[in-house]
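Note sheet for the following structure.
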Amino acid sequence: MAKKSMIIKALRKPKYKTRQNNRCKLCGRPRGYLRDFCMCRICFRKYASEGLIPGVSKSSW
């Protein structure tokens, strides 16, 4: 219950910009957030490996 309420609270637009919390749009995780993709590192890795994020591919050299 606490996690659900925190996710809903983070999605609301705050009165002041500094009160904004970055949370993953998919799972609600507050840590390891990637701003460019609006998701956490775990969801990013999962979706990138499945090829669901356009322009992102696994690097190899």
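One is the number of the first residue shown, and numbering goes on along the chain from there.
Including glycine, each Cβ sits where the backbone N, Cα and C put it.
What you are looking at is a predicted structure, and each value in this text was computed from that prediction instead of being measured.
Swiss-Prot lists CYS24, CYS27, CYS40, CYS43 with the feature Zn(2+) binding site.
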What is the Cβ neighbour count of CYS40 (Zn(2+) binding site) at a 10 Å cut-off, with all protein chains included?
22
Structural state of CYS40 (Zn(2+) binding site), classified by DSSP into three states:
strand
Other residues near the Zn(2+) site, CB within 8 A of the CB centroid of CYS24, CYS27, CYS40, CYS43?
ARG23, LYS25, LEU26, GLY28, ARG29, GLY32, TYR33, MET39, ARG41, ILE42, PHE44
Including all protein chains displayed, how many Cβ atoms other than that of CYS24 (Zn(2+) binding site) lie within 10 Å of its Cβ?
22
Just counting, how many other CB atoms are there within 10 A of the CB of CYS27 (Zn(2+) binding site)?
13
Would you identify the secondary structure of CYS27 (Zn(2+) binding site) according to DSSP, in three states?
coil
